[in-house]
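J.: Following this message is one structure expressed as structure tokens.
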Amino acid sequence: MSVARPKIEIENLSLDFAADGGSPISVLHEIDLSVSEGEFICIVGPSGCGKSTLLNIACGFLEPTHGQVRIDGVPVERPDRRRVFIFQNTAVFPWLSVEQNIGFGLRSSTADENAATVQRYIEMIGLAGFEKAYPRELSGGMNQRVEIARALASNPDVLFMDEPLGALDYLTRLKMRADLIEIWRQERKTILFVTHDVDESVQLADRIVVMSKRPASVKAVIPVDLPRPRSLDDPEYLRIRDEIFHLMGIDHFGRNEDAPSDSRARPSAE
Amino acid sequence: MRRVRKFLLGLAGIGLFVLCWQLATWGNGRTDVPGPWLALSGLRDLAREGLLWRYIIASVFRVMWGFALAVLAGVPLGLAIGWSGWVRDLLNPLVQLLRPISPIAWLPIAVLMFGGVRWWEPSDLSAIFLIFLASIFPIITAATSAVEGIDAKYLRVATNFEIGGMAMLFQVILPAALPQILTGLRLALGIAWVVLVAAEMLGVQSGLGFQINDSRNNLRYDLVVAAMIVISIIGICLDSAMARIESSALSRRGTAKR
């Protein structure tokens, strides 16, 4: 599904946070990545490494210190309804019902059209019958579905998902992964999906971006060329998973911990 | 069972207080410190006179106007201070400067301000003004901290869907801040009611505060205590009315506590 021009281009992106009184802290360091239209990209890395920050920049919530993110060739300067961010602990509005939440971003000319869109996505996420329910009456998994439906309903071309399943229990997470794949198959959005769960990334992604510890840079980009749904005991699946563990483990167990970041190996940063 | 016990215990606490009151005032005549029975018969006298109802209406009327004006001014001001950095920098020092001044201290100024008014009873206006002052600061403070406490992710969702300006205010900021604002309003109404009685003891010719002052001048301490009881009951009614508004507003949007 490679298209001539990449959908998202992240080019030489760095972010420094100004620390109080001290020298600025480098959070992201010279990140390059290009994503094709309709591609499902997972970004994994140790917690606190700046994966979420990268996503926030790509969505236009934060400004980078250097470099830029281009979507369809146009630099990202502010949030845009054509690409929607999905938050870790759901950001559904507690004061709106399920259908009001899903309809929040809709701009159709007629109310009927909006209502039809809302109904279509309520059915897609399997919440028919809960149209009038409020978020506090639903489980965490149901609320996360509502948020995904709210994002899809406004028909964006890119979804930024920041550990969207991180707060759910194990079984719900497995079910949601399968549903997510199904939704992605139907809707063909370009997805940037941040997670710290290596298994999750191998199950979902076309390509996995492995980030280093802070200051985060791209350590490796690993293609996953397996048909979905992916069997958890397929040898290739296990090989990729272990490769990522290995890539992350180096930092986890401290081998290069005190070395300056630029001496760190960055093999295939594309 | 728990609710019955809770109710009985509450009743016992009040009963104990009334008993102490009875014992402390044993054998006193009508003009000395009145006991519970004298207070109750005073309450009956007040109700019979018909003045009581007029005074209750006068007092509630003043509180409602003062409080309503404070809500109309205080909520937008508080939202603006919480939302905009420069409005905060402009107004917050002033608010902090005015807040510690007891509304009662404004009375001479209020009389001066409204003394020449012809289109309304001046003393009414100064009482309303004091109520307004008593309730506006807690309202501003509640609205400000409600806005500051809004979870940033809701605001991000709104900007993500390219919602701004008035739509942002009415679809996101106000509903997100509503629970805390309503709690603040309830608190402010309680303060307003307390201040009203003090405000009515000076300058006005009607209302429950006036009733207390007037009865004292006539050495009818039984009526003083009777008026105190009425003040308490109406205070409770106002508070529970606010609580009901609060919970119905929040239950409709599904965020009520129960």
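Glycine residues also receive a Cβ, built from the backbone N, Cα and C atoms like all the rest.
Checked TrEMBL, it gives:
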type	residues	note
TRANSMEM	B:53-83	transmembrane segment
DOMAIN	B:56-242	domain 'ABC transmembrane type-1'
TRANSMEM	B:104-120	transmembrane segment
TRANSMEM	B:126-147	transmembrane segment
TRANSMEM	B:159-178	transmembrane segment
TRANSMEM	B:184-202	transmembrane segment
TRANSMEM	B:223-243	transmembrane segment
J.: Most CB pairs under 8 Å with the transmembrane segment (B:223-243): which of B:53-83, B:126-147, B:184-202?
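T.: Checked against B:53-83, B:126-147, B:184-202; highest Cβ contact count belongs to B:184-202.
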J.: Residues sitting near the transmembrane segment (B:53-83): Cβ under 8 Å, six or more positions beyond its termini, same chain?
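T.: Distant contacts of the transmembrane segment (B:53-83): 47, 91-92, 95, 124, 127-132, 134-137, 139-148, 169, 173-174, 177, 181, 185, 188-189, 192-193, 196-197, 199-200, 206-211, 230, 234, 238.
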J.: Sequence-remote contacts (6 or more beyond its ends) of the transmembrane segment (B:104-120), Cβ cut-off under 8 Å?
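T.: Long-range Cβ neighbours of the transmembrane segment (B:104-120): 126, 129-130, 133, 195, 198-199, 202-203.
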